[in-house]
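Single-structure report; data block below.
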Amino acid sequence: MARTKYVAGNWKMNMDKAGAVALAQGLVESLKGLNAKYMIAPPFVYLDAVSQVVKGSNIILGAQNMTVTDNGAHTGAISWAMLKDLGVETVILGHSERRDEFNESDKLINEKVHKALDNGLDVVLCIGELYSQRVAGVTNQICENQVKEGFAGVKEDQLSHISIAYEPVWAIGTGKTATPAEAQEVHAFVRNVIKGLYSQKAADEIKILYGGSMNDGNAEELLAQPDIDGGLIGGASLKVDKFTTICKFASK
Ligand code: PGA
């Protein structure tokens, strides 16, 4: 069964407002007519401006994070309702930078997954091992735990709203990419974890994206692997031409 590929741009904490609008405008033009699934996640403060630009295009608006509570005295936090109000349809959860810099636990991430799904937001759930864990040979174990904890309580009929991004932490922003074979091996393993948790059908249908220094030079080979269903792109999502090239490989 062919899964439609999914390419998502995680802009992280980059650009100013004019740059964000220009990048979004460039992508609306360059991705016109392409037939995979595309998402961009600008910084919160530019969501409103970018939302106006991507409205009516084939680009989904995403957010890089979301708080777990609904509203109230939570200084600096952004709720699911605020995101939806701006046209956000998808939220990236469990990114390794959130796990590391903001001490987000699997439990908190799971609570956020439920909060998003229960309130009509789709989720890209990030998992991945540290370099020390890869060297220690526990990559699969780490990824299995993160999937099990991230998906805890998620029902099979909610799975069409959640994708997984396998992002080996040592490959993020470092220029070091997992080889296509290394990535494929983990993707196949993770798909099997989903089969164990749910069913063969769920495993066949879930999208598992690769992230970690994916760029216009290595995307074609990565995306050609049978269990790599797309990419979560950081650095290379900040340039119209690079991101477009990756999106075109995904549209083949
Ligand atoms: P990178 O980031 O492409 O810059 O490595 C990927 C990510 O963190 O999502």
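For all residues, glycine too, the Cβ spot is worked out from N, Cα and C.
Bear in mind that TrEMBL entries carry predicted annotations, made automatically and left uncurated.
With a cut-off of 8 Å between CB atoms and residues at least 6 apart in sequence, the same chain places Gly173, Ser213, Asn215 near Gly235 (substrate binding site), listed in sequence order. Annotation source TrEMBL lists substrate binding site at Asn10, Trp11, Lys12, Gly173, Ser213, Gly234, Gly235.
Residues or ranges marked as active site, electrophile by TrEMBL: His95. Around His95 (active site, electrophile), the same-chain residues six or more apart in sequence whose CB sits under 8 Å from its CB are Asn10, Gln64, Asn65, Cys126, Glu167, listed in sequence order.
Per TrEMBL, the feature active site, proton acceptor maps to Glu167. DSSP assigns Glu167 (active site, proton acceptor) to coil in the three-state reduction, outside any helix or strand.
Around Lys12 (substrate binding site), the same-chain residues at least 6 positions away in sequence with a Cβ under 8 Å from its Cβ are Pro43, Gln64, Glu97, Gly234. In three-state terms derived from DSSP, Lys12 (substrate binding site) belongs to neither a helical nor a strand segment and is classed as coil.
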